[in-house]
Structures are given as structure tokens and as C-alpha cells.
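If you look up TrEMBL, you'll see B:21-235 marked as domain 'MacB-like periplasmic core'. The domain 'ABC3 transporter permease C-terminal' annotation in TrEMBL covers B:285-402. Sequence annotations record features per position, and here TrEMBL assigns transmembrane segment to B:21-42, B:279-306, B:326-353, B:373-392.
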Amino acid sequence: MLKIHQLHKSYPIGDSSLHVLKGIDLNVEDGEMVAIMGSSGSGKSTLLNIIGMLDEADSGDYILDGLPIKNLTEKKAAVYRNKFLGFIFQSFNLINYKNALENVALPLYYQGMKRKERQEKALFHLGKVGLTDWAKHLPKELSGGQKQRVAIARALAANPKLLLADEPTGALDSATSHEIMAFIQQLNDEGKTILMVTHEEDIANMCKRIVRLKDGVIMEDEKVNQVRAQEHV
Amino acid sequence: MFDIDLWREIFQSINKNRTRSLLSGFTVAFAILLFTILFGIANGLQNTFAEAFVDDANNAIFINSGRTTKAHKGNQVGRQIQFKNEDFDYVKDEFDEKIEFITARIYKNFQASFRGEQNVYDVRAVHPDHQFLEKTKIKEGRYINQNDLNNKTKVVVIGRLVEDDLFLKTTALGKYLNLGGIQFKVVGIFTDDGGDNEERKIYIPVSTAQYLYGNNDYLDQINLTYNPELNYDQALAFSTLITKKLKNRFSVARSDQRAIRVRNMAEGTKAVSQMTVGLTFIILVIGFGTLIAGIVGISNIMIFIVKERTKEIGIRKALGASPKSIVSIILIESIIITAIAGYVGLLIGVGVLELVGPSLKEYFIKDPGVGNGLVIGATLTLIIAGAIAGYIPAKKASQIKPIIALRND
Ligand SMILES: Nc1ncnc2c1ncn2[C@@H]1O[C@H](COP(=O)(O)OP(=O)(O)OP(=O)(O)O)[C@@H](O)[C@H]1O
Ligand SMILES: [Mg+2]
């Protein structure tokens, strides 16, 4: 699915610069479910954003689904993001003046899908996260868990190959977290490749592989026995 | 090009972000409102100014006589020069090819009465051409004609306000008006753009006046308009020539300024057109000033809107929005708001002018108003300017990395 070789990234801070990623090597196969862990500031989000083409690396190679990602125009990047990638953020990032259904339908709009088809498909995905009855509600009328489920439905709607989640449960209590994890595991069961950043060991253990970052490099990379979230709900 | 989904997105954004839309719309509406009102007032001033001169034909020459101030060819100082019919015919024949219309005037002042109503009016005894010289508009009936002159008929043409004063609510046409003790038949009623004063005048045939009042052939004044094709210099030369010939005819000294007085309206016309240029300039300054203020307002709003929407733009980009779609969604939204708000401002402005317009007449502002073409032009300018001003922040927004837009909170 993706191959990363000697990836570097630094941020300019005043006159000097902060070297955040210092040569990351990472391969992820189709169907994997990977947790990225590490202390705060270790560069987890930075790595995930580069993988998601929301940000660019300074050097190194990144190949996504056989396509080298380098010096893309914004236009091309938009197409790739739309086709390959689904995002789930800690702060949900729903558009506040659009209702749940319209939020879920937005990536389909950018795929150029017809309105009617879009709505049907969005409604189907809302159904999958159990929010059919909430389709016409604005984000502000939803709970945190419901908002994250809308975000998941939106990430899925475009049928991406790779789902990227940055602390998807970071803003939720543990019961709701497990509920969300149950959804994400189900997606993985259905074959989606998933990369997620998390702080919590128990959430990480619900993935199939844990990658630990420290000081800008991968310190540890291990396969784990997946704990099913369903058992905790 | 017409993408219904894009429009749906834009209208949703306008509709769901009402405060923002209203605020930005307000600025534009206010700019256009100010523009309309200022421009309307400037136009009103210009109307007042123009009106002061539209009363009379502006290619007119007025010839008056008076007492001599200089002895000449054996004549004493203080001799009264009196125009007669033969002088009128002389001018008419002598300058025939340069004259457009010509009339004499005899000034009288009579008490006019009909049934119980009476009043004192200026009465002018004139030739038929007088109608065109004075730009008199016949409302009912007819003007003095050649037949009246030939037969010395006792007919009058009265101003609209004379009819109002004396005939109250009834029509004057065909009735008999008592003018200084003599019955005259009303054959016409006229209106005049020169104001109330001009509409309180009474016209009678010049020959009738000469016959009834003194049985002489005296005239008080000779008025004419020259061929409009004469240019300014030719027109002045023409009146100089008339002056010279008449002074010769009456043995008046060349340097005598009183005995024969020829006034050429062309001189005034020149001043009017210079004044008009000045006013037009002021109008242009006002217009551009307001427009520039509006444009600055729109650009500020656009920058504000883009800033406010940074996060939304980030989300849209993460979901696969192309830079082009980001630019168009922001630009079209601002264009729609500008167009609608501009139109609203225009409507309010025109409404205000209509409402207060009539009461501004005493401040020398007549019929304040703006041409449609002008305001549409101004609105289009605002829209285009708004689009250009908005394009830069919109383009910038479309090029920021989504991660930067998303972090923005
Ligand atoms: N745009 C930026 N400019 C400057 N420094 C940045 C920028 N983005 C991130 N950093 C710095 O880079 C380092 C890594 O940031 P990153 O967000 O990847 O950490 P993280 O591992 O996700 O941390 P957390 O667990 O707190 O989310 C941090 O020290 C952060 O301050
Ligand atoms: Mg982070």
C-alpha cells in the first residue's frame, strides 16, 4: 500500500529549524491496521499528514499505491486525496453549517457524482455508522461520538484505499472510544488499510501493528494480537 | 460552465452564514446608496442650473432701445429711440438668411377678469414666431397666428396659471376674457418650463395692441433667433453687425451703449457650458470617490471572509477540492452578494431621492435622480472590482497547504 524511505521533515522556527522526522522507513501492506504511538511532539501527526498529502516532506521517498508522491501540483494532490485517502481527525473537522448528510456527501461532490446518487450513498454510509435518524442534524446538535461517526462515514463515502486517523478517540470518553474503534475494526475487517495515531495503549492494542516514534525515528515496530473493541462496548 | 451543484453550494453558504452575508452586503449596499444619493443631488443641481437657461432659446438675440447718451450728427443727447413696424421689417429683410425666428414685443400690464375673478398680469403683444423664441408649449387651442395679425383680432393666449386663477376649475378655451376693459377671446392655453412667472403671462397679437392702445406702430423690443448652424464667433459677429446697422439707421453714435442695446444669448451659453463642465467634473469626483470607498470595503470583506473560512477551505481540500473549485466558490459568493446588495442599495437610493426630491427644490436641487445606465455601470464596476480584489485572497486560500488551514484554530 505505501512505502516510505528515509523521510525527513523539519519546521523553521525563527532563524533555526526544528528537525521533527529524521529518516523514517516504513512499509504498510494492504489490509493492515497500524497504530502510530510516541510521546507528544515526537512527530506522529507530522508523519500522518505527510502520508495524507496534507503536508510535504523535505526529503525522502514516499510511494502511495505505486505512485511516487513528490512535487505534486495542488490540483493533482486534490485528485489523489479524493481518490485514495480518507481522513478522521481528533477535532472531527465537520463543516458546521452543513448537516450530517451534506457533510458525508461532500467528498462525493468533489468526485463529481450526481446529486441524487450522492445523497443515496451518503445516507447508506450514515446508516453504517448508525446515524440514519440524524442525517438532517447540524454538527452542533450531535454529541462528540456522533460527530466522529459522521466523520467516519464521510471518510468512507469516497471509498478510499487508505484511512488515516489522527487520535480519532482523543476527544471521546472510553465507552465512546470503544464504540468508534469497533467501527474502525469493522472497516479493517472489510479490507481497508488503516493508519491511526493514538496516545492510548488500549486503543493501540486494538490495531494489528504498533509503530513507536521517538526523537524523529521509528524506535519500535511490532505486530500485536488485536483486542476486539466489541468486547468492551 | 453552469454547474448547478456549485450554485447550490454557494447559496447554502450564503444562506447559512447570514450574519456574514448581511454584513458584507451592507457595506456594498451602503456604498451604492451613497453613490446614488450623491449623484442624484449633483444631477439635481445641474438640472436647476440648466433650467435657468432653457426658458429661452439660447441662440436668441434681444434688441432694445433707449435714450441716446451722446450727441451725434446734429442730434441732441437724450433723444428717445423708438422702434416701429418698419424697423422690424428692416431687420427681418436685411438679415433674412441668418434669422430663424423673429418677433416684436410690446409690454403692457392689465387687469384681467372673468366673471368674479380678477388679477393683474403682464401682457405681451407679439408675432407668431414668439412661441418658438420663448419655447412656449401649447396645451390647448392654438398660438397667435398670421391671420390674427392681419385682422387685428381680439384674441388672447393665456398661461396655465392664468386659467387656474381666473377660470377656476373650468376651461378657459373659447371664453371671453376682459383685458383692461376690452373683451378678448381665449384661443389658447400654454405651459412654459420657465417657471410659474412665465405661466402667468398673456399674449395678444402685436397689431391688435397697436390698434387698441394708441393706434400707432410702436414696438418695445425685437427678439430673434439666428440660424443654429452659426458657431459661437459667427453668432457674436452677427449681433455686432445688427448693432452697427441699427445705430446707423437711427443716427446713433457707435460708442452709445444705451440707445440701441443688442443682447446675444450666446455669451450666456458659453458660461453655462463652462459651468456644466465644472459640475460634471464634481460629479465624476464624487462618483469615483464613492466607488473607490466601496471597492476598498469589498476587498476588506473578502480578506475577512477568506480568513474566516480558512478552516472550511482546509477541510474541503482534505476531501479533495481542487484549487479552482475553492476560488470559484469564494469569488462567486462575493459576486452574488455584491450584485444583490448593490441592487438593494440602488433601490433604496432611488426611493430616497423620489421621496425627498420634491422638497429639495428650494435648495436648488431639481428632479434629483440618476440614469439607470450609470448606476448599472457603477454596480458592474463594483462587482468586477470586488471580484478582482477578492481573487487575490481566494487564490491564496486555494494554495495554502490543507494542514495549515486545518491547524488554524
Ligand atoms: N507548522 C509547524 N511549525 C513549527 N513547528 C511545528 C509545526 N507543526 C508541528 N511542529 C512541531 O513539530 C513537532 C512535532 O509535532 P507533531 O504535531 O507531529 O507532534 P505529535 O507527535 O503529533 O504530538 P501530539 O501527540 O501532541 O499530537 C512538535 O514539536 C511541534 O511543536
Ligand atoms: Mg498530534
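Using N, Cα and C of the backbone, Cβ positions are placed for all residues, glycine too.
A TrEMBL annotation is a machine prediction, not a hand-curated record.
What you see is a predicted model, and the numbers here were worked out from it, not measured in a lab.
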Summarise the model's confidence over the domain 'MacB-like periplasmic core' (B:21-235) as a mean pLDDT value.
87
Where else in the chain does the transmembrane segment (B:279-306) make close Cβ contacts, counting only residues six or more beyond its ends and a cut-off under 8 Å?
20, 23-24, 27-28, 31-32, 34-35, 38-39, 42-43, 45-46, 49, 313, 330, 333-334, 338, 378, 381-382, 385-386, 389-390, 393-394, 396-397
With DSSP, how much of the domain 'ABC3 transporter permease C-terminal' (B:285-402) is helix, how much strand and how much coil, in residues?
103 helix, 0 strand, 15 coil
